[in-house]
């Protein structure tokens, strides 16, 4: 009897030890996965670089490209990022990418530093802001696109030896674009905050551009695609009110100047309840920044400020499945917004949850949703669940970040990655030849696009790993930029 009881006790203790060990190993694996994903998410931006590559370039299968950008307008427009799987520089999504990279550095700076990625993250940000500075040569002039979308998309070529037109397009007082100017102002203002602790002079340059761009956007209202018509078929803007609020919120945070807060409180509306936060809809971003001010008690939390906060928290409640109009979830648990590149919306929503979790923690506050309360820890856990899904905890057992894990997309829709590196084979790739030899090639891409996030699975958790499946298989900078911050937050 005694022996049996002792044996049972030993068996129980052994079982507990095994469970604890397995759980510990699982946590270690997840933690390592987060570290790998964070590192590779920043490598992705190196693969998207346009222009003269620096000596410390780590993605060595890429080469210099588009070294004459801007020459048609007698201006240097080299640098910046290609937006997705093509060879285009679209200023509207590029500016949003920049703002989200900056926000990641601002809110998760200490985490990025702890994970030894702050330097890489700031370098990714500066590659974008250096270009945006070039693109804004005069207060009321902003270059918003390089390349022609239609001709670029008709060809499947490497950026290093592409022969498609590199036309420079701009907005100015006679050809306005409040949305483009407003988003670029937001990017410059946010980046100025990120760089201020390290390079005050550079931060001051950025804030000067941000102020000029915001003034330009207000003084000369208009949709940018009416001036840069070529952009309309690719990144058309649905309005510019959100960009102006977003820019004002960032300028207020960067300068603490009352005139920007006045703009926000005197605006005709706060954007109302939103269903997404993305490159064409920044209302949620502005609402969250204003809610932060209210939580910090830096402004009165009634009237217009209270409305911003209410709208921000309504979006969060819906993402947490505790709202009145909840975001759809796939059977596997992914927040599902829209079919085309759904992960761009998942990563921005996850960023909002991660950032707001920090705001609530600092304020010792919670959110009262229609279907229950949310604590700061709840928000971070939801964000972590989305990261885990994206990195492989899903019905497909697939990581949707290229190069992370063993089962990840092998054929993302991406010209540079799908064609042999110019460093290995300098034979020119022609417009149609690229389609014949590389686009239609059933083999995996010859270059691994480390850290890229594809568009992701459909509403039933199904993903098709084919280059032709661009709605699911094309990565974009707007998807990865917020994910940098989320990865740092959930680590």
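Every residue gets a Cβ built from N, Cα and C, even glycine.
Residue 86 (active site, nucleophile): 25 other CB atoms within 10 A of its CB, across all protein chains. What Swiss-Prot records for 86 is active site, nucleophile.
Sequence-distant neighbours of residue 413 (active site): residues of the same chain at least 6 apart with a C-beta under 8 Å from its C-beta are 85, 467, 468, 469, 470, 473, 474, 475. DSSP classifies residue 413 (active site) as coil under the three-state reduction. Summarising the annotation, Swiss-Prot assigns active site to 413 (among others).
Residue 465 (active site) carries neither a helix nor a strand DSSP state and counts as coil. Long-range C-beta contacts of residue 465 (active site), restricted to its own chain and to partners at least six residues apart, with a cutoff below 8 Å, comprise 409, 410, 411, 473. Taken from Swiss-Prot, the feature active site applies to 465 (among others).
The secondary structure of residue 474 (active site), as reduced to three states from DSSP, is coil rather than helix or strand. As annotated by Swiss-Prot, active site applies to 474 (among others).
The annotation N-linked glycosylation site is assigned in Swiss-Prot to 6 on the grounds of sequence analysis.
For 1-31, the entry in Swiss-Prot reads signal peptide.
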- Message: Just to be sure I understand the packing, how many Cβ atoms besides its own are within 10 Å of the Cβ of residue 474 (active site)?
- Response: 21
